[in-house]
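Heads up, the thing below is written out as structure tokens.
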Amino acid sequence: MARSPASWKGDIGWHARALCVGEDPELFFPLAETAAGTAPARAVCRRCPVLLDCRDWAVRHGETDGVWGATTASQRRALRRAVLDR
Ligand code: SF4
């Protein structure tokens, strides 16, 4: 069963302010990682007050599935490569 990013119960203080709390988790784990498939989740993320914390966490922890911080998994892989290649 898919979890929304906000349902993650780790040591992340920003979780309490996540805008995806209460959203359908399936929204954040679309079957296809296309622009259209991820657009609804990214629209929520763009209004979220913890977008940068969420994105940073997902990149640093190598989160491989779903939309986190308005990014897709492939976008996060590219960000991670850019950071690690410095
Ligand atoms: S940026 Fe998106 S995925 Fe991250 S906490 Fe906010 S709404 Fe949830």
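Backbone N, Cα and C atoms are what each Cβ position is placed from, and that goes for glycine too.
TrEMBL does not curate its annotations; it predicts them automatically.
These come from TrEMBL:
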type	residues	note
DOMAIN	19-78	domain '4Fe-4S Wbl-type'
BINDING	Cys20, Cys45, Cys48, Cys54	[4Fe-4S] cluster binding site
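Of the binding-site residues Cys20, Cys45, Cys48, Cys54, Cys54 has the largest number of other Cβ atoms within 10 Å of its own Cβ.
If you average pLDDT over the domain '4Fe-4S Wbl-type' (19-78) in this model, you get 95. Under DSSP, Cys54 ([4Fe-4S] cluster binding site) is assigned to a helix (H, G or I) in the three-state scheme.
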